[in-house]
Amino acid sequence: MNDRVSSPMPSAWPVPTQPTVRRTAMKAWMEGMVYLLPSLLLFGVFLFYPLARTLYLSMFSTNYQGAPIRFVGWAHFAALFQDESFWHSVKTTFFFAALTVPTTVAIAFCLALLVHEKRKGIGIFRTLFASTMGMSVAVASIIWMFMYNPAIGIMNRLLSALGFPAVSWLLDPDTALYAVAIATIWMNIGFTFLLLLAGLQNIDPSLYESARIAGLSYWRQLWTVSVPLLSPTLFFVTTVSLIQALQTFGQIDFLTKGGPVDATNVFVYAIYREAFVNYQFGFASAQAIVLFVIIAAITFLQFRFAERKVHYQ
Amino acid sequence: MAFLELIDVTKSYDGKKQVVENVSVAIESGEFFVLVGPSGCGKSTLLRLIAGLESLTSGYILIDGQVANDWPPHARRLSMVFQNYALYPHLTVEQNMRIVLQAQKVPKEEQRRRCLEAAEMLGLTDVLGRKPRELSGGQRQRVALGRAIVARTPLCLMDEPLSNLDAKLRATMRVELRRLQRQLGMTVIYVTHDQTEAMTMADRVMILRAGHPQQVGAPLDIYNHPANTFVASFVGTPPMNLAEAHVLEHSLLLQNERPVRLMRRPLPKTERVTIGLRPEHIHRVALGDGHVTASIVHVERLGSETLVTFELTKQIHWTARWSGQANVTVGEVASFSFDEHALHFFDGHSKRIGPPTRREEEAFER
């Protein structure tokens, strides 16, 4: 009985020949490509081509217009790794990321917890907390520039009101990076907050009810329910914030121009200066490639190791 | 003294509309008490009020004779099984069960022992290390039960715990749940919209409609003596047949068009009533005999019994339940007789009119 059931198809049925199979597969592939074409085109023009062009330029010396004039191979990269100011900007960038990313996520998480519950008028606070999202880097930078102004800024007024000596915020090499970091944290909180709040709202309320019936304290509920169930969102915002921090440019350009004494000369700003101030397009391209590799490597490591601790539902 | 007592419990979210209104009931220790009603009737809200997840608008909840209105959920010493089971997706089955005990600061050894015991009872021993998403619906349901069992609270609340299971599993779990409840001596308050669950599992049932309790009692009492037309039509499948009637001298005029002469019982004094008759009290008789002759519009053969729907009037169809595989066809005209003593009468407010008194019966027989 069983033999008959499992026996192959009767030979009278058309069995597809090898070329037919290949032709159908080819057709399916072509069809898929047609659907992908619009996004492939966009990515190609704005992403793949510039990346390839940057890689190409990084191996050339260029003239003031940025046209490649002499092939130098990996010489730019070799010079880069010898360059002290390159290492300085790497260090500055990572220090900046370490200052901003954990703080942004922590503060945004606290804010999200605060307004998670349904209360009267909570919508006002939710909107307020998310509002920095709607502000461009330029506007935010100008606001902070005024606040940091040593003479008329509110920061120094607050300090003097509290009896502390004045600080020259953006003008002092010891404080400039911190000052920019504070402004950056403020700018990024809105977006991070919104994502974390959405994540919290997505958690099944019966899990909290069950925890309340079991008698879990608020902190236990936070650690056993909220944090693990929010971990996909936390992982996402951390990854995105880290990439953003490594690419910081706008606020540096507006607030400090990389100074004073290179104290805030983060990676992307250094690339910008190399290319558009010093007109070393080839050398700048090499730096851009290095930055790309660093970010790609970090993101890969994050997915490889941190994602294991994430609980997707 | 009752184990749990509700006195005039009322809940309103907006101060205008009462979701639950004036519910009073006393639940005894070890009882399996079922709250049943159509969706939106306030049964889940009532359960959440008992759990302490919602606060009362007015009234009292007494646990062991003490007013517990303001007690937080965990102080009420109860466990709850949620409709969606509320299992922590990132914890294993064992951790899901132990979390309750950790909160109660039960020693580690004891935690482990109770978990194994509950797992044994529920057939979960092999899956203790798995996460909820790796379990079948029935297994998840049992883990949720397991949490209630390890907690060893005297009271367990269940909010439609079987509604996410398929019909077959639901039938098995009904029996199993009841067996466990008896074995552990738990008091259970069980919410469902399924009257079959209510009828088959409950020691006592409360039927709710739009926040108002309609009737409380043992399932068969409710089945045999429904307090009003809502209960009459809610309990039983197929539901009780109902029809409006004018009470005449010795007969009823149903829906203003079909006269039915009754021989064996006195009629109520009320002029306009609603009559009710369960499908099993309608029998087939030779054509021309019996109470009504009508054409058959639908036949459902279930194997052991046959449900025959006939046209009492154009608008009202009644259903009869005959045992066996009756030989009838749609479109056929047949005669039906009613068990007159099984007739229910409801007044203009759809309230049950009590059975005739002894004196009325005697007067009738004379």
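One-based numbering along the chain as shown.
Keep in mind that glycine also has a Cβ here, set from the backbone N, Cα and C atoms.
As annotated by TrEMBL, domain 'ABC transmembrane type-1' applies to A:90-302.
The feature transmembrane segment is assigned by TrEMBL to A:32-52 (among others).
Marked as transmembrane segment by TrEMBL: A:94-115 (among others).
Below 8 angstroms of C-beta separation, residues 111, 115, 153-155, 170, 179, 182-183, 186-191, 193-194, 197, 250-251, 254-255 of the same chain, each at least six residues beyond the ends of the transmembrane segment (A:127-147), sit close to that stretch. The annotation transmembrane segment is assigned in TrEMBL to A:127-147 (among others).
Annotation comment: TrEMBL describes A:176-200 (among others) as transmembrane segment.
Annotation source TrEMBL lists transmembrane segment at A:221-246 (among others).
Taken from TrEMBL, the feature transmembrane segment applies to A:281-303 (among others).
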Worksheet item: What residues in the same chain, six or more past the boundaries of the transmembrane segment (A:281-303), come closer than 8 Å to it by Cβ-Cβ distance?
Response: 51, 54-55, 57-62, 66, 68, 72, 76-77, 79-80, 86, 235, 238-239, 242-243, 246-247, 267-268, 270-272, 274-275
Practice prompt. Quickly jot the same-chain residues contacting the transmembrane segment (A:32-52) by Cβ under 8 Å, restricted to those at least six beyond its ends, or write none.
Written response: 292
